[in-house]
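Structure record follows, encoded as structure tokens.
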């Protein structure tokens, strides 16, 4: 019987070998010119390109004890796809800068690549990783840039287009990811406060789905283009909590927004405060047909620019809870 | 007299405040929709977009003791601009994911933003930072994604287009950045091997220019489009050394390349091995007018795919020297 061997790490392979293993898991690249040249060349629907970048860093944004490589890859893709979708655009490609300590296992890197591919296939068919960069770093981090395009002649949907009398709607959940994070902090830390691996046996079905919403969010990417098709006047992805983000939209549009708790499910307080689900918040003209993915949760008014009301009462709090912010990054 | 105060750090300001200070130094953004929405929207010359991403990480790629914020920002821009230029494309915008420890000074961040702007203005007028992301990290890192466009109807210039009988030319230097890095390692480390700040008084004029080539390279970005205009059949940026990169071009094109040391200046060995200057290596048809920025350094032959010759003799070495690779990342 062979002796157990320690897992192969990034530090033991040449960059070309690591890259080959990643490319084998990414599937076909949606490009005219792909990996191997100085830059990629992509063909878009028209000469406008939509670009966004978002980074996940070990410590402030995730814990390896909690996040498997596949979930992390999928999340890194999803949060960027959501920003493209929130413009009413179609995601076309992702570019991934991967910074890894030498002791990162190759299995983790391969799983990360698999997660990137899975999220694209599930959430934005036709989009895929089209390039990237590998670097050694003491801190594991994934910086993703997403590229999207707009249907010819269609304007991007901004945060600033909401007008009084229009309706506010949302696609996707809010609150589940925050509830999942709270569960991780409550149940999966050792006495010193460091993250410990998630034991699924300690979670009931609902709890498991909340944790999954945190570790591997599934934002409604296709709803972005459909909202634009239906005439959405404003849109953004909810990443910092519904209260905070709806207030930002109200401020950008110079309007007030009034949300109705009766439309926010069984736990309106959580739905109002939780971010990281990357739901799409959109505003439609009163007479517009609202796409099936969206449900109406409020109205746009003209009380005061940037005023956020809940059931007609001005809301002063941010409603947010961010445990990572005050958590010492060294442990876990 | 007020007591001396410690410099303001990233950890003491909210993300919005840091962002405002960065934006104030970046200058106008070349976009239809700019910072503040979920994604940026850029208008290109035609529906093809050129995209590349490259990362600088503290430790493997730079040392804060050696690199000032301005130089680092300029270098992060320059290395990405060079990859766009190497496709025969025009850089349009940069997106910057900045990962910073909480104790990073605000002055450093402001200088970094200034360096990004300066490099765009100097090397690629019209290009500017158009978006990005700020994240806390234990390790300082800058991941830049550069977006470029191609003149309507023009094909990108790949590595694979070199053909036997054509001439090999280069724009920009090779070897200076490597010589500068060697000087940094020789002169500016303490007895324990950690990097110490560069004292300009210890460098003569030539040495100072070599160190500057390492810390703040100035690749010939505009020469990329001019090479394409002149009919370049292959092009790439020289980042890993002329021998290694010319061999890659020969392999991609299925040809041999023969370089002439007489055309490589006073120190051909250094010019052949040094990378990181991000010179542009291009191949032109024998009858093509070669743009003024380029000088002929060799010829394309059909001896064997991927064969690299120097003065007619097959070169087996890589010629490279990479002190960072074997240097313990903790010191400095």
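Just so you know, glycine gets a Cβ as well, placed from its N, Cα and C.
What you see is a predicted model, and the numbers here were worked out from it, not measured in a lab.
Among A:32, A:61, A:71, A:83, only A:83 appears in TrEMBL as part of the Mg(2+) 4 site alongside A:38, A:52. The binding-site residues close to residue A:237 (Mg(2+) 3 binding site), defined as a CA atom within 10 A of its CA, are A:276 out of A:53, A:54, A:61, A:133, A:276.
Note on residue A:276 (substrate binding site): other Cβ atoms within 10 Å of its Cβ, all shown chains, come to 24. Checking each of the binding-site residues (A:61, A:83, A:132, A:240, A:276) against residue A:52 (Mg(2+) 4 binding site), the C-alpha distance stays within 10 Å for A:83. DSSP assigns residue A:52 (Mg(2+) 4 binding site) to a strand. In sequence order there is nothing to list: of A:239, A:240, A:276, none of the binding-site residues comes within a CB distance under 8 A of chain B. Across the domain 'PurM-like N-terminal' (A:36-148), the DSSP tally of helix, strand and coil residues reads 35 helix, 46 strand, 32 coil. The sparsest Cβ neighbourhood within 10 Å, among the listed binding-site residues (A:61, A:237), is found at A:61. Residue A:83 (Mg(2+) 3 binding site) sits 9 Å from residue A:54 (Mg(2+) 1 binding site), counting Cα to Cα.
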